[in-house]
């Protein structure tokens with residue numbers, strides 16, 4: 001598959017075939033979800049899609065004020081759905097590893113199960129950025145912190161899997177077309193992961209490749225517990241991540257290839273609920289707006305299947321064990 005063709009397929013994907021119509025009103029009563037980065041962008045759009053389902057949804061993010069504003073906006077919809085979800089705030093700062101266990105403990109104090117977590121949060125960082133623990137900023141917030149958070153919640157995922165329908169308990173990671181465009185050879189360059197950001201898009205692409213590695217290794221480790229772990233590229237979407245551009249450039253790229261955030265939420269909806277995502281496709285990579293395909297670069301696919309996913313997972317574990 002040529003690189004131009006795969007880019008075209010990611011930048012201009014076919015229409016979604018799995019939408020909110022496939023996750024009916026009231027269908028998720030009794031289920032508990034976490035969506036990180038849910039006060040804006042794709043995460044916010046996903047909460048809106050899931051609001052009629054009756055689930056309990058934790059809207060996780062760094063700013064309590066923005067989280068509450070998002071919850072107020074979504075719950076004020078008129079007319080109200082017949083089985084509205086219960087939306088709860090969860091403070092989570094992925095730039096600071098010392099806050100992660102507290103966030104997981106706050107969730108566990110309220111819930112006895114977790115059916116799906118969408119590890120969606122994570123933006124771009126300028127050159128020179130590091131997390132509060134000195135990890136390259138993209139790696140810290142997109143990979144190390146989300147893996148720690150998910151690991152802390154693992155007992156609740158396992159608890160849900162014991163009684164939930166087969167293959168319905170899922171961990172959803174977030175990839176990007178930047179894996180193809182900017183990730184280093186083999187996906188992750190371990191010589192750069194503990195240094196400040198040296199190239200914003202290359203380091204972002206490496207972190208997104210890291211997310212797929214975590215999905216692959218998560219599938220290997222958690223599959224026996226009935227947990228499905230996948231990585232999805234939501235697509236090129238009009239979200240706050242592009243606000244760094246001036247108005248002219250922003251208008252140009254929106255006109256060329258940015259879709260409404262709702263379309264990215266459809267990719268996430270597919271990843272969380274489609275029957276195509278199951279034990280047989282555990283560890284899969286999902287293209288916009290809901291298509292299971294291999295990652296678009298052969299070297300990244302090869303690295304993930306030849307032990308680099310395990311190596312990356314273990315590096316993430318060592319990184320947080322130094323600090324928490």
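Every residue, even glycine, has its Cβ placed from backbone N, Cα and C.
Listed in Swiss-Prot for this protein:
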BINDING   42, 66, 93, 120, 204, 208, 239  NADP(+) binding site
ACT_SITE  204  active site, proton donor
ACT_SITE  208  active site, lowers pKa of active site Tyr
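DSSP assigns residue 42 (NADP(+) binding site) to a helical segment in the three-state reduction.
Most buried of the binding-site residues 66, 208, judged by other Cβ atoms within 10 Å, is 208.
Cβ neighbours within 10 Å of residue 42 (NADP(+) binding site), excluding its own Cβ and spanning all shown chains: 27.
According to DSSP, residue 93 (NADP(+) binding site) is assigned to coil rather than to any helix or strand. Of all Cβ atoms in the shown protein chains, 20 besides its own fall within 10 Å of the Cβ of residue 93 (NADP(+) binding site). With a 10 A radius on its CB, residue 120 (NADP(+) binding site) counts 26 other CB atoms from all the protein chains. In the three-state DSSP assignment, the secondary structure recorded for residue 66 (NADP(+) binding site) is helix. Taking a C-beta cut-off of under 8 Å and a sequence gap of six or more, residue 204 (NADP(+) binding site) has these contacts in its own chain: 124, 125, 138, 176, 178, 182.
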